[in-house]
Amino acid sequence: MITLPARPESLTFAPQQSALIVVDMQNAYASQGGYLDLAGFDVSATRPVIDNINTAVAAARAAGMLIIWFQNGWDDQYVEAGGPGSPNYHKSNALKTMRQRPELQGKLLAKGGWDYQLVDELTPQEGDIVLPKPRYSGFFNTPLDSILRSRGIRHLVFTGIATNVCVESTLRDGFFLEYFGIVLEDATHQAGPAFAQQAALFNIETFFGWVSDVESFCHALSPATPLSLAKEKRYA
């Protein structure tokens, strides 16, 4: 068992009965020229997030945690995205961008394309699970719940993009299914202005889960990992 310093309080769990979830670290969300960038969102600050996710993944894997990678998107004909009868058709900024710029049709979030691929710096390894998802929540129309329950996993540590969209949506759905959700705030990034990140983290720590950071996570998994005095005081 480990005790992870977090807000609003520390959380104790067994790493071997927990999962680290990496949400949508695709070129679409983290790279210049990807969907978010083309849709007008700022992705310039994603580099530290990628590095922090790599650090968290390495620590989790060494501790025996299951690593689950999500990729958001659809078939290249966008049948899975839903037609005009689906709210997703009207609210997905990727679909709206392609309607505004027809030359991008078949390129944004299409399975098999560059936009859909995970960024080069993040590579799943043998034993990890990679799951496609067609909507914001990783629980919708995916086997995530079955995968977790069959392994006795109840604690989920979240990283990825976007904090205020797919990360929060998946954590919220997990809360309703009796999962304990923890977000590593410096291993996530928002879609939109900075206040969207802060609002999502406020919602999570106040109503749906817990908020921690990569340094505290790594130190909890391996106490030999140094923890700064500032972090010790932060969660005291």
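From the backbone N, Cα and C atoms, a Cβ is placed for every residue, glycine too.
Residues or ranges marked as active site, proton acceptor in Swiss-Prot (evidence: sequence analysis): Asp24. Counting only residues at least six positions away in the same chain, the Cβ atoms of Phe70, Gln71, Asn72, Gly160, Ile161, Ala162, Cys166 sit under 8 Å from the Cβ of Asp24 (active site, proton acceptor).
Look at Lys133 (active site): DSSP puts it in a strand. The active site annotation in Swiss-Prot covers Lys133.
According to Swiss-Prot, the active site, nucleophile annotation covers Cys166. According to DSSP, Cys166 (active site, nucleophile) sits within a helical segment.
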Nonlocal residues around Lys133 (active site), in sequence order (Cβ under 8 Å, 6 or more apart): Phe70, Gln71, Asn72, Phe140, Asn141, Thr142, Cys166
